[in-house]
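Colleague: Straight from Swiss-Prot, here's the annotation block:
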BINDING   Met17, Cys122, Cys125, His126  heme c binding site
MOD_RES   Gln1  pyrrolidone carboxylic acid
Amino acid sequence: QDARQIERMIEGRHGLMTLMAYELGKLGGMAKEETPYDAEVAGDAASNLSALASVLSPELFPKGSAVGEAEDSEALPAIWEKPDDFAQKISDMEEAAAKMQAAAGTDLASLQGAMRDLGAGCGSCHETYRQKD
């Protein structure tokens, strides 16, 4: 892939992560009881998150897009050193987002339980495959 294609992939994954963080912020605020629980808002945010998670793919991380290889990248080389584990973590994220979609609009306790799993999935991938700020 050429430099421009790689740059577009990085922009795409940054945009995707930004949108996911936006929806997670709504859910996290409710889970932490910083904002009132609203089943409709939670359900919509979880549906959006699940749809976004389904777009997340190892294809958004082409070779040549690691930290030090491409501008604005936070992707660690471990992504390409352990591609099967990376792909599994993405799959786990999709599964956790689907569980959140099923739980979020039910009640606060269900949202909180799903949020723990979702947060653990996000953290696990970022800990291993994303450069710390």
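Placement of Cβ uses the backbone N, Cα and C atoms for every residue, glycine included.
How buried are the listed features, and what sits near them?
Modeller: Within the same chain, no residue at least 6 positions away from His126 (heme c binding site) has a Cβ under 8 Å from its Cβ. Classification of His126 (heme c binding site) by DSSP places it within a helix.
Long-range C-beta contacts of Gln1 (pyrrolidone carboxylic acid), restricted to its own chain and to partners at least six residues apart, with a cutoff below 8 Å, comprise Met9, Pro62, Lys63, Gly64.
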Colleague: Show, in sequence order, which residues other than Met17, Cys122, Cys125, His126 on the same chain lie with their Cβ within 8 Å of the centre of the Cβ atoms of the heme c site.
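Modeller: Close Cβ neighbours, site residues excluded: Met93, Gly121, Gly123, Tyr129, Arg130.
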